[in-house]
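K.L.:
Features from TrEMBL:
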type    : residues                                                               : note
BINDING : R39, R45                                                               : NADP(+) binding site
REGION  : 95-116                                                                 : region 'Disordered'
BINDING : R130, S131, S132, N250, A251, G295, K310, P311, I312, A313, T314, R336 : FMN binding site
Amino acid sequence: MRYLTAGETHGPQLTAIIEGVPSNLPLLPDSINVQLARRQKGYGRGLRMQIEKDTANLVGGVRHGMTTGAPIALVVENKDWTHWTKVMGVEPVDEDNEGRRRIHRPRPGHADLNGGLKYNQRDLRNILERSSARETTARVACGAVARQLLAQFGIKTACHVVRIGDVVAERPQMTIDELNEVTEASQVRVADKEAEAKMIAAIDAAKAEGNTLGGVVEVVIEGVPVGLGSHVQWDRKLDGRIAQAVVSINAFKGVEFGLGFEAGSLKGSEVHDPIMHEEERGFYRASNRAGGFEGGMTTGEPIVVRGVMKPIATLYKPLPSVDIDTKEPFTAQVERSDTCAVPAAGVIMENVVAWEVACAFLEKFGGDSIEEIRANLENYKKQVEQY
Ligand code: EPS
């Protein structure tokens, strides 16, 4: 499967085309809208989220609640567009028209300056509009389609926040279903009540001082068969592909699996997962410190992957920058933004990781219809059982 997205944060809509979704997959806007609503939630979001009410309109590839195998086309409207029709219109406007709302003051930490230099744009809005994290709405919609596919084969996903600023949250012993239930009811998407209150206080304190907070989110995927991805070629290693997908999320700066960076400070005996075998269960691991991957392939244990999000770069007390017209320093640019979007980023990460797993799943069990894929999967399961 592959997808492309288009659309600007203050333009009329976001658009996505997904190619390669098999036929006979049940799909209705509701299953996408649930994910879009999750992405909009979370303590620390700014005023824009009160304007938007994201819903997907399926405009290709689905008929009577089922995919047909044709490309899926979907659009999500930007409700905020009504305030930006002059600024974001397609028709030409005069250079000095105040409706242009030209931006010439690049914000540190954003794509503004690099993008302006690269694309030779003297209105940095032409960069900002597309680099905005609003685009992740379309990616979550595509991920929701991937999750729908995974769900057909009993593969479950979850995400939870493990850090906001200097507050750390634990994942108590619980099943993936319980984790989903508890985090869904949390304002900061944590399973640790004590940490929740501290995170909310930290977000309030950051907001009060015109600052922002980043954090770490963890995604868990269970029910994945052994052998997705491959060791034979660098670009087929599924952990590598997941890493790329995670770091491509706006403001994400790093990714780790299982023990992750901590593995660098431990001995080999403390890092690897002993191989076990039981008649009933087949091969399994005594632990899952690898986070579900060895040799770029799934081990059959849960995928456990974390991503780190830097604090949002739009600050109410901005860092020094230089005006691209006058080349003079300034510090006054203030844009509306969020104080902390880590809980939303968890949902984005869950959906982009689900996308990569679904792609690898289809590569392994490829077929044009759900029935064909199911038959291939059953056949493979027998092969693994008899190994
Ligand atoms: C964003 C800035 C804010 C966020 C936006 C991402 O938007 P605005 O500039 O319109 O206030 O609200 O996030 C979303 C719109 C969204 O749907 O997540 C940025 O600069 O990346």
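Placement of Cβ uses the backbone N, Cα and C atoms for every residue, glycine included.
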K.L.:
Among R39, R130, S132, A251, I312, which binding-site residues lie by ligand 1, judged by Cβ under 6 Å to any atom?
P.N.:
S132
K.L.:
Let me know the largest Cα to Cα distance in Å among the FMN-binding residues R130, S131, S132, N250, A251, G295, K310, P311, I312, A313, T314, R336, as an integer.
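P.N.:
Between the outermost Cα atoms of R130, S131, S132, N250, A251, G295, K310, P311, I312, A313, T314, R336, the distance is 44 Å.
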K.L.:
Within 10 Å of each Cβ, count the other Cβ atoms and name the one among the binding-site residues R130, K310 with the highest count.
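P.N.:
Within the set of binding-site residues, the most crowded position is R130.
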K.L.:
I'd like to know which of the binding-site residues A251, I312 has the most other Cβ atoms within 10 Å of its Cβ.
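P.N.:
When each Cβ's neighbours within 10 Å are tallied, I312 tops the list.
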K.L.:
Mind telling me which of the binding-site residues S132, T314 has the densest Cβ neighbourhood, counting other Cβ atoms within 10 Å?
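P.N.:
Per the Cβ count within 10 Å, the most buried is T314.
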K.L.:
With every protein chain in view, how many other Cβ atoms are within 10 Å of the Cβ of R45 (NADP(+) binding site)?
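P.N.:
Its Cβ has 18 other Cβ atoms within 10 Å.
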K.L.:
How do the residues of the region 'Disordered' (95-116) split into helix, strand and coil according to DSSP?
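P.N.:
Tallying H, G and I as helix, E and B as strand, the rest coil: 8 helix, 0 strand, 14 coil.
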K.L.:
Near R39 (NADP(+) binding site), which residues of its chain come within a Cβ-Cβ distance under 8 Å, counting only those 6 or more away in sequence?
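P.N.:
In sequence order, the residues whose Cβ lies under 8 Å from that of R39 (NADP(+) binding site) (at least 6 apart) are D54, T136, T137, V140, A344, V347, I348, N351.
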K.L.:
In Å, rounded, how far does the Cα of S132 (FMN binding site) sit from the Cα of R45 (NADP(+) binding site)?
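P.N.:
If we compare the Cα positions of S132 (FMN binding site) and R45 (NADP(+) binding site), the gap is 14 Å.
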